[in-house]
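Chemist: According to TrEMBL, the transmembrane segment annotation covers B:30-51, B:57-77, B:108-131, B:138-156, B:184-204, B:235-256, B:315-333.
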Ligand SMILES: Nc1ncnc2c1ncn2[C@@H]1O[C@H](COP(=O)(O)OP(=O)(O)OP(=O)(O)O)[C@@H](O)[C@H]1O
Ligand SMILES: [Mg+2]
C-alpha cells in the first residue's frame, strides 16, 4: 500500500534527522514558547551548552503562552522518554505539579528556568532577577526625564512571575526613590503588540503631560513605541523598553527608544543545561541562579558583550 | 414495471453503484482506523518509549479535551454549519465553573452544572443567530468566540482561577474509576470521552435529533418542505454543541486544576480538523462520531509520537500538516472509488 | 360530480417584478385527474406551492371541503391531506430511500425519541412492493439515478395516503415504461377517490391520463375543459396563443459535410462499453435509449467531465486528448447537462452571469476586467432569441421557472461558439412553444454548420429531429438508424437489446 511506504519513509527520515548517540545524557527543555525570538535565544544558549558538555537536548514550547494544557502534554511526553534531567519554565506551575511530582519520584532532577516553577521540586531556577532589572530601568527612566514628571507603564500580564516582578521592581523603585515622579497609568497588554499599541495610544491621549513610558517586555515595549510614534510624540516621551528583538534594537539604535533592559536569554538557556548536568553529577548549588541583565542604549548597543545577548 | 419486464430489469441493473453502498462506508471506517493503528505501530517500532502504559495514557489524556470538542462540532458540521467558538466557549464554561466553586464557594456539582448550563446557553445563542437571524455560521460563531473569550477574561479578571478550596474537582479528570490495573489507570477524562462518544453516536444514528441533523445538512430546503421545523432543530444542534463544550470545559479545568481564561483560541481548529480527518464533510450531510474520535486520536498520537522521537518542533508542525492533508486526501480518494 | 375537495378562487400572487398568478381559479374533485398546463413561467408551480404551504397567497381564497383555509406551512398542508411531488427533486442525498420517504414522520419508540429503523425500512419496503418496485429501501438516495430518485419522491408523496396528490412534472426524468407504471398508480389512486393534480409538458400524456385540463397563461386563468370535449390543438392554442405543428420532421439543408467528431472504442466503467460514433458538420445525430442506457455517460466522457478508461477522440481527423472539460471546450466541444441544477447552472447567480459564464475571456479586456456592457448586450440577445421569461437580466436563476432555467443553460452554450454541441435532454421540462423554439434553434445550428448531438428519451423528438439515430442499451451502441426512415418500434427494439439476449440469440 502506497500510504504505508510513505509513512515509513517519513518516519525513517525523522529518525535519521534526530539520531541519538547512545550514552549521552538526555535533557529535554520545556519552555513557555518557541516561536518568539526570546525563546529562540534561550534555545540557542541551551544548544551551545549541549555542545560544550556533550549532552543531548530537545527544546519545545507551546505555540502561545495561553496553552497551558499543551505544555503539560509536552511535559508528559518528555517524561515518557525517561530523560536524565528536565528543564522547565512553567506557564502555570500548579497545573504542572502532578507531573513534577512524577519526575521527583522517578529521581529525575528538574531545573526551572525563566519565570521558573512555583514549587520546591526544582533544584534551582536559572532566571533574570527581574525585580532588580526593572528597578534599574526605573533608575534610568528617572535619570532620563530629570527626576520629575508623569510616567506610564504597560506590563504584559499580572499573573506571571515576570509580569509581577518587573511591575513591582519598577513601581517600588519609583515610589521609594523618586517622589517627584508619578505613575499615572499601569495597564496590562498581554504582551501583544497591537493591543499594547492601542493601550499606549489611549494612555497618551488622556495624559498629555506624559514624560516617560515603560514597556515591561518585548511586545509591550514595541506597543509603547508604536503608540508614541503614532501619536507623534517621538522625542517628547522617553521610552524605556525591556528585552530585545529586531524592532526594539532598531528603535534603540535610532534613538526612538531611549534604551532597554535586556535579559540574558542565551545565558538562561546555557545555565539551565549547565546546572542540570551539575545536578546529575551530584553537585550542590543555590536555589536561584541569576543569569544577569544588561542596560543597552545607542551608545553601547554594538558592544560585543551586549550584542551577544541581544536577539534579533 | 410489470408490463415490460425487460426495461425494468435493464433500468434496475443499471442504477449506479447500488449494491456496494454499505460495503464502502464500512470499509472507509476500517481504513481510517487502520491508519491510526499504522501510526501506532510505526511509532512503537521507532521508539521503545512509545508503547508504554504511561505514554499511552498521556496520549489518551491529550485526546480527551479535543475529542470532546470534536464530537460537539461534528454535529454542527453535519448540518452544514461550522462553529468557531468551541475553544473559547469551553474556556468560558471552565471559568463559570471556577467562579462558582472557587469564588462563590458552592459545591463542585453546582460548578459542573453551571458549566453545562453556560455552554448550553452560548450554544443556544449561536443557534438562534444562525437559524433565526440568518447570520452565516462562520460569522455568528466567530462573534460568539470573541464574546466568550472577552467574558472569560472579564469574569476571571484575566488571571487563572484555582480550585484551591475544592481538591476533589481535579478528580473529575485525573482520578480514575477503575483503579484495578496498577500501571494502567485510565483517567476519568478519557472514560468521559468514550462514554460521551457512545452517547453521541447513539444520538446521531438512533434518534430523531440525529436524523434531522443529517437531513438538514444534506438538503435543508427538502427537510423544510417535508414539514420539519429546521430552524428549531438547528438551534438544538448548536445548543447540544454548547453543552458538549461545557463538558470539555469541566475536563480541562479539572485537568489544570484551574480555569485559564486566556486559553481556548485555536482549539476550535483542532476540533474541526479531527472531525474532518474522521470523514466528516464540511459541506454537510456526512460524518460519524467514531470517525471523529479516530481523527482526534490520529492528531494526538501524531503529536506525541513525534515528540517521543525528539523531532525538532518546527518539523513536528510540518509533518503534522502534511499528514493531515494526506489523511483527508486519502478519504477523498476512498469516496471517489 | 362529487363535491370538490379543493376550490381556489381569485387567487393572486406576485414576486418582485413578476405577477406570477392573477385571479386564478381552480377546483379539484375526489377521484379525478385534473391536469394543469401552461407555458414555462405560466405560474403552475407557484399555484401548487401555495396549495402545499410553501408560498403564501397575496389575495383570493382557498376552500377545502367548502371551508376557507389558511395553509401556513408544508406541515399544515400535510394535515389537510395535501401531498406534493415538487418539480425540482427535493431529497436528502445522504439519507436512505426509506429515511427520505418518512422524514418528519419516522416510526419511533421510547416516548417518541428513538428511531425505529426496522419498522421504517419494513414500511418502505411494503410501499415499494405494493408498487412493484424492486428496490432496497436502505440505499442512499444520492447513489440513485435521477429516475430512481423521482420514484422515491413519488413513493414519498403516496405514503401520506393523502386525499389530494399534486404531481409537478413527475415524468420528466422517467422513461416510457416508468411513465406507464406511474399512470397505473395514478389510475389506481383515482379509483380510490384520491384527487390528483397533474402537471406536464408532455402533450401526449395529457389525453391519456386527464379527466379535466386547466390552462394557465402568464399567470392568468384561460379555461378548464373535460378531455372528452377538447383536443390538443385547442389546448395548445390556449397555452401559447397560436397554432403549433407538433410532428413535422426536420428537413436537412443539403448534404452533411465532413466528419467533425469521431469517437472510437470509448470505455468507461459499466455504462460506456466500446462506444464509437461519428458526427458530421451540419448534422443532427440523435442518441436514443432508455433512461440509464449510458448516453449521458458517453457525452460526459467525450466532454472530459469523467475520466475515461480507454478510447480515442478525433476532431476533424486529428487525434486529441481530453482530460478536462477545459480541453473539450478548447477543441470546440460543448455539453449541455441534463441535470441543470447540479451541473448546468449557478442558480444563485443572475441570468446575465450564467449566460456569459462559459466564455468569460471573451468578455474581458486585456487586464482581465469584465466588460459589463458587452455581457449585457450578449445576454439580452440570448434572452430575446430564446424568449427567456425573466423580469430582468439580473434576476437570480433560481427564481426562474423550471423551463426558463433550461433555456438559460442553452443560451449559455450558444454564446460559446462551439463546433460540436451535445444537448442532453434539451427539452426536458420545456413547454410546447419553447420546444418549437429549441427545435428551430437546433435546426439553425445545424444549418450554420455545427455538428449537433441530441440525447433524448422522447422518441417523437428523436424521430423528428435526427438525421441519424444512434441507439444505446446498457452502455453499448446497439444500432444506428437513418433519421428519415426510423420508426418508434425500430428504436425501441434496439433500445431493449440487452447483452444477454444478444449472446443467447
Ligand atoms: N421565489 C420566486 N421569486 C421570484 N420569482 C419567482 C419565484 N418563484 C417563481 N417566480 C416567477 O414566477 C413565475 C411563475 O413561475 P412558476 O414556477 O410557477 O412557473 P411554471 O408554470 O411552473 O413554469 P415551468 O413549466 O417552467 O415549471 C415565473 O416568472 C417565475 O420566474
Ligand atoms: Mg413549474
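Keep in mind that glycine also has a Cβ here, set from the backbone N, Cα and C atoms.
Help me understand the surroundings of these features in the structure.
Modeler: Outside the transmembrane segment (B:30-51) by six or more residues, the chain places 277-279, 291, 294-295, 297-298, 301-302, 304-305, 308-309, 327, 330-331, 334 with a CB less than 8 A from a CB of the stretch.
If you look at the transmembrane segment (B:57-77), the same-chain residues 6 or more away from its ends with a CB under 8 A from one of its CBs are 83, 86-87, 90, 137, 173, 184-187, 189-190, 192-193, 196-197, 200, 204, 213, 217, 237-238, 240-245, 247-248, 251-252, 255, 267-268, 270-272, 274-276, 278, 280-282, 284, 287, 289, 292-293, 295-297, 299-301, 303-304.
Long-range contacts of the transmembrane segment (B:138-156) within its own chain (CB-CB distance under 8 A, at least 6 residues past either end) are made by residues 82-85, 87-89, 91-92, 94-96, 98-99, 122, 125-126, 129-130, 259, 261-262, 264-265, 268.
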Chemist: In the same chain, who gets a Cβ under 8 Å from the transmembrane segment (B:235-256) while lying at least 6 residues past its ends?
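Modeler: For the transmembrane segment (B:235-256), the sequence-distant neighbours (Cβ-Cβ under 8 Å, at least 6 residues beyond its ends) are 61, 64-65, 68-69, 71-73, 75-76, 79, 81, 83, 86, 89-94, 96-98, 111-112, 115-124, 126-128, 130-132, 160, 163, 169-174, 189, 192, 196, 200, 203, 209, 213, 216, 263.
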